[in-house]
Amino acid sequence: MVLIRVLANLLILQLSYAQKSSELVIGGDECNINEHRFLALVFNSSGFLCSGTLINQEWVLTAAHCDMENMRIYLGVHNESVQYDDEQTRVPEEKFFCLRSNNDTKWDKDIMLIRLDSPVNNSAHIAPLNLPFNPPMLGSVCRIMGWGAITSPNEIYSSVPHCANINVLHYSMCRAVYPGMPAQTRILCAGIQTGGIDTCSGDSGGPLICNGQFQGIVSWGRYPCAKPRAPGLYTRVFDYTDWIENIIAGNTDASCPP
């Protein structure tokens, strides 16, 4: 475990130079230790950092652009400098994607389903988050969380995950900010129009939880982070529930939503 802590410290230093493509939460506060039992810390020794969400004992959901070599997945972590007895580490056994082209990760299908090499055990600091059973509603209050940058562009990283609240916004608000964004995608637009709160470098792949439901995966957004009238883009999890459930059930040839 000492090696893990050393790697974590090196990772924080290396991430000082990361771009938002590996999107901490700006404008938030330290998460309550009991509110992120499903949150996975995903990284490798090269310094690439993402988050993920445990959806059952054997599967983690994250962003496709978080794919990396030598990936390690840590569960039950709160403070990177303090070890808990129930922390668990896994590596991917299999990875599943919906991508048809590299451009999909920008505008659509930025989703990766990971089967772990062995099931994790539920504990005081580890428990899965269910998939959504309803689509998100416009204006919903949503929770974001992660170990990413808490300042931008001069990035500072925290050893604990930060949490904050944002809202689901009309899709047109994101189209107005990001030129070339298609008229329809499987993306959620979410943020605070006045700025000051946002996901940022190191948060990619983490959950967007709206009214208690896992509705989005942190995908990408404008950099520097947390600027006014620059909401973030999140993969809409509800649209992929059939695909996810089919893969988990063993139907590895399941079709992604068009």
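Cβ coordinates come from backbone N, Cα and C, glycine included.
Here is what Swiss-Prot says about this protein:
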- 1-18: signal peptide (SIGNAL)
- 25-249: domain 'Peptidase S1' (DOMAIN)
- Cys31-Cys163: disulfide bond (DISULFID)
- Asn44: N-linked glycosylation site (CARBOHYD)
- Cys50-Cys66: disulfide bond (DISULFID)
- His65: active site, charge relay system (ACT_SITE)
- Asn79: N-linked glycosylation site (CARBOHYD)
- Cys98-Cys256: disulfide bond (DISULFID)
- Asn103: N-linked glycosylation site (CARBOHYD)
- Asp110: active site, charge relay system (ACT_SITE)
- Asn121: N-linked glycosylation site (CARBOHYD)
- Cys142-Cys210: disulfide bond (DISULFID)
- Cys174-Cys189: disulfide bond (DISULFID)
- Cys200-Cys225: disulfide bond (DISULFID)
- Ser204: active site, charge relay system (ACT_SITE)
Do me a favour and check the Cα-Cα span between Cys66 (disulfide bond) and Ser204 (active site, charge relay system); whole Å is fine. 7
Distance from Asn44 (N-linked glycosylation site) back to Cys174 (disulfide bond), taken between C-alpha atoms, in Å: 32
Within 10 A of the CB of Asn121 (N-linked glycosylation site), the number of other CB atoms across every chain shown is 11
Three-class DSSP secondary structure - Cys189 (disulfide bond): strand
Specify the secondary structure state of Ser204 (active site, charge relay system) as given by DSSP, simplified to three classes. coil
Do me a favour and check the Cα-Cα span between Asn79 (N-linked glycosylation site) and Ser204 (active site, charge relay system); whole Å is fine. 19
Considering only the recorded positions Cys50, His65, Asp110, Cys142, Cys189, which fall within 10 Å of Cys98 (disulfide bond) when distances are taken between Cα atoms? Asp110
For the recorded positions Asn44, Ser204, the largest set of other C-beta atoms within 10 Å encircles the C-beta of Ser204
Compare the C-alpha of Asp110 (active site, charge relay system) with the C-alpha of each of the disulfide-bonded residues Cys142, Cys189, Cys210, and give the closest one. Cys189
Cys98 (disulfide bond) has its Cβ surrounded, within 10 angstroms, by a count of other Cβ atoms equal to 21
Rounded to a whole number, how many Å is the Cα of Cys50 (disulfide bond) away from the Cα of His65 (active site, charge relay system)? 9
